Each structure stands twice: as C-alpha cells, then as structure tokens.
Amino acid sequence: MADEIVSVNEFQVLARQALPKMYYDFYAGGAEDEHTLKKNVQEFQRIILQPRVLVDVSSIAMSTNILGYTISAPIMIAPTAMHKLAHPEGELATARAAAACNTIMILSFSASASVEEVASSCNAVQFFQLYVYKRRDIAVNLVQRAEKSGYKAIVLTSDTPRLGRREADIKNKMIVPQLKNLEGLMSTAVASDKGSNLEAYANETMDPSLSWRDIAWLKSITNLPILIKGILTREDATKAMEVGAAGIIVSNHGGRQLDYTPATISVLEEVVQAVGRKVPVLLDGGVRRGTDVFKALALGAQAVLVGRPVIYGLAAKGEAGVRKVMHMLKDELELTMALAGYRSSRILKLHSSIVSDHPMLTCHVQTLFLFVHSIRRPWAITEIRLVKGKRSSITSTLA
Ligand SMILES: Cc1cc2nc3c(=O)[nH]c(=O)nc-3n(C[C@H](O)[C@H](O)[C@H](O)COP(=O)(O)O)c2cc1C
Ligand SMILES: CC(C)CC(=O)C(=O)O
C-alpha cells in the first residue's frame, strides 16, 4: 500500500520486488566499485544541521523559480532512461505525476516514450535532455521536435562521451529496447551478444568528440536555453558560463559514469562560487530526504533533481508512486525548514551565496581545528562550522 510507505528509501525495496533482476540492477547500479554511488548518499549524511529556535514558522514558502517557471518546491525530476522497463505507462505516468506535483520533469533522450507523446500527456513544464550522437542529424531532429512540442529548455548531458562500466549490466547482458525517440531514425539493435548491449550500443552511437566548441553549434539549432548537466569542477563551471549556459547541473550521473568522482554535495559550493549567481545551479545525486534538499539549498543550489527514487516509485506504484515520492520529499523539506527555523527556501539560497563568497571559508578549509564563522546581515545570521577541514554543519536563519 502506498499509504504505508513513510520514506523514499522504502520504495527501493518495493521496486526490487516488482522488477526483473536485469532491470532493477540497471536502475540501481553504478559504475565499477560503485564508490561514487555510495558517496552521493553518505556525504549528505555527514552534514549536520544546527537549528535556530523561536522563529515564526507558521507559514513556509516552498516554491521556487527555474528559468522563469514557478514550481511548487525546489525538487525536480532528473532525466532517467527507459521508464517502460519500470512500468507499462512509463514516462507518461511520470510526466502526469510531475504535473500533479507542479514540478518540472526532464525527459531523457533515451526515454521509452517519444517527446511528442510525453508533451501531450499532461501540462507540466518539461525540459528535454540531450545526448549527442556521432550522427548529429539525430540531435538536430530531436531538439527541433522538442522545441516544437513545447519543451522549455535543453539539458545537455556532458559526462557521457562513452558509457561508464556498469558491471551488473555486463553480467546481466543488459538489453536495449528500441528507443521511442529514435524510431524511424536509427535502430537500437547491436550485433554484440557479449556483455552489456546497452554499453555496446552507447559506445557505438555517442559522439566522443563532443566538446565546448559544440555548444555554439547546439545554440545554432535551437532557441531554447541550454543547461549543462555533469559539471563537477569550478573550471568547467566557468567554461559553461563562457559558452553561455543558461544553467548548470552539478551531477556525476548518479555514480554511473566515472567512478571515484566526488559526491555532488561536496563540490556544490565550489561550482556555486564559480557561477556567482549568474545562472541557476541545480544538483542531483543521492537526494533521498528533505534534509538533503535543505542542505543542497543551503550550499547554493536553486533546486535538486531526483533520479532513482522516481523510478522506484514508478516501478512500485506507477504514477501514484512517483507522486508519493515527490510529496514525501516536499513534506520532509517543509518540516526540516520549520524545525530548523526557516520560512522560505529562497532565503536559504541567499544565505548560502553569502557564505560561499566569503574568502575565510576557503583559507580555513585545511585547518584541523574547529572553525566558527558568522556573518551578520540586516536580515540574516549565517554560521558555518568546519571540523577537520570538512564542513560539518550549517546554521542560518532569519535575524
Ligand atoms: C536508471 C538511470 C538512467 C539514467 N538515464 C539518464 C539519461 O538518460 N540521461 C541523463 O542525462 N542522465 C541519466 N541518468 C542520471 C540521472 O539524470 C541523475 O544524474 C542521477 O540519477 C541522480 O542520482 P540519483 O539517482 O541518486 O538521484 C540516469 C540515472 C539512472 C539511475
Ligand atoms: C541509455 C543510457 C545511456 C541512459 C543513461 O544515461 C544511463 O543509463 O545512465
């Protein structure tokens, strides 16, 4: 019963029961040692919150704005491939859930429903995630179809010149169904019967020569704003600004590409600092609790994206499962804000940008001693504590 589920992680157990092993492993798995997959969750857990009390939290504002579109909470749906392997209604159910929750879904290039089908299934604001294949005409075709169908932005995934080595998929000989967006354009059948068919297919099709120079080409084929997904360093954040990205998604692809990349939450601040509030910075990877969302906002994210929990909700309960996942995260975030002494998720973001701009933070990062720093503003008190060179807690509230 969906009603008996009290936390997002419980959906993973239900999804495991509902799905064939090959598909469950595909969704749940990461690359190689799955170090980054685990770190994404663990690094959230290392951050401790120090609440402020006796703040009037009788009314809490959860909504935020992404590229001019208001969403009910700073929690969006990450692009994930092939939802029909999780549930027969696939992306259509996910999109309806996004619309019901008044949030943005990013449709995967590798979806099992077409851009047109998903666009016409509901009135949610949708972005389209793009992989660039060696056959550039496919990107042109899909970007133009997405634009025509009413998608509001292109999310270019930058971390997949080749597919990460996902060992469960290799063992299971993971298959690739025909991808709906490519029907009539390209077959997804691959000759190899060894290892992961998905890996063979991806490596045959993805364009490993894609580079920063190609953003100009992408801009020449669309009028939509372009967000770049897969940024983990200040250097690449700066480059993304130089090429005119409209937004950045701090992501390590949920630990499915390069293993031993840092957890996204641990590099968020570095990216936010480089971007300097010029464009929105979003984060995905390991978000499983409202407190995780709160931590990401406090460190400068405008919103987070959720990947696997959405698929698990879909696999377990279809559209209702996705709605439940999104509602649980939103409710937990609201409770976190109340208990931590916050009235608005937007104020949270303002605080953190002050924090990350402060040079003291960087110069004390290596210290082995407790470092307490507070900044006073007419409207805010922000306090950051670092222990042994790591951020250990975040406190800030309205003055
Ligand atoms: C099963 C699965 C499929 C994915 N497919 C895509 C995809 O097609 N395009 C993409 O840019 N990212 C894809 N991702 C990465 C997600 O967009 C996102 O970065 C990641 O899932 C976030 O981590 P989380 O699952 O811990 O929330 C996929 C992730 C998973 C788990
Ligand atoms: C079809 C795949 C390339 C989708 C993907 O990005 C993933 O599985 O992580």
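Just so you know, glycine gets a Cβ as well, placed from its N, Cα and C.
Residues annotated as domain 'FMN hydroxy acid dehydrogenase' in TrEMBL: 1-358.
Within the same chain, the residues at least 6 positions away from Asp284 (FMN binding site) whose Cβ sits under 8 Å from its Cβ are Ala78, Ile249, Val250, Ser251, Gly254, Thr264, Val304, Leu305, Val306, Gly307, listed in sequence order. The FMN binding site annotation in TrEMBL covers 79-81, Ser108, Gln129, Thr157, Lys229, Ser251, 284-288, 307-308.
Same-chain residues at least 6 positions away in sequence with a Cβ under 8 Å from that of Arg256 (glyoxylate binding site) are, in sequence order, Gly29, Gly30, Ala31, Leu37, Gly164, Arg166. The glyoxylate binding site annotation in TrEMBL covers Tyr131, Arg166, His253, Arg256.
The active site, proton acceptor annotation in TrEMBL covers His253. Around His253 (glyoxylate binding site), taking its Cβ as the centre, 25 other Cβ atoms fall within 10 Å, counting all chains.
Filtering Ala81, Tyr131, Arg166, Arg288, Arg308 by Cβ distance to ligand 1 (under 6 A) retains the following binding-site residues: Ala81, Arg308. Only Arg256, of the binding-site residues Gln129, Arg256, Arg288, place a Cβ under 6 Å from an atom of ligand 2. Looking at Gln129, Tyr131, Lys229, Gly286, Arg308, the binding-site residues in this record, the fewest other C-beta atoms within 10 angstroms of the C-beta turn up around Tyr131. The 10 Å shell around the Cβ of Arg288 (FMN binding site) contains 23 further Cβ atoms across the protein chains shown. Distance noted between the C-alpha atoms of Lys229 (FMN binding site) and Tyr131 (glyoxylate binding site) is 11 Å.
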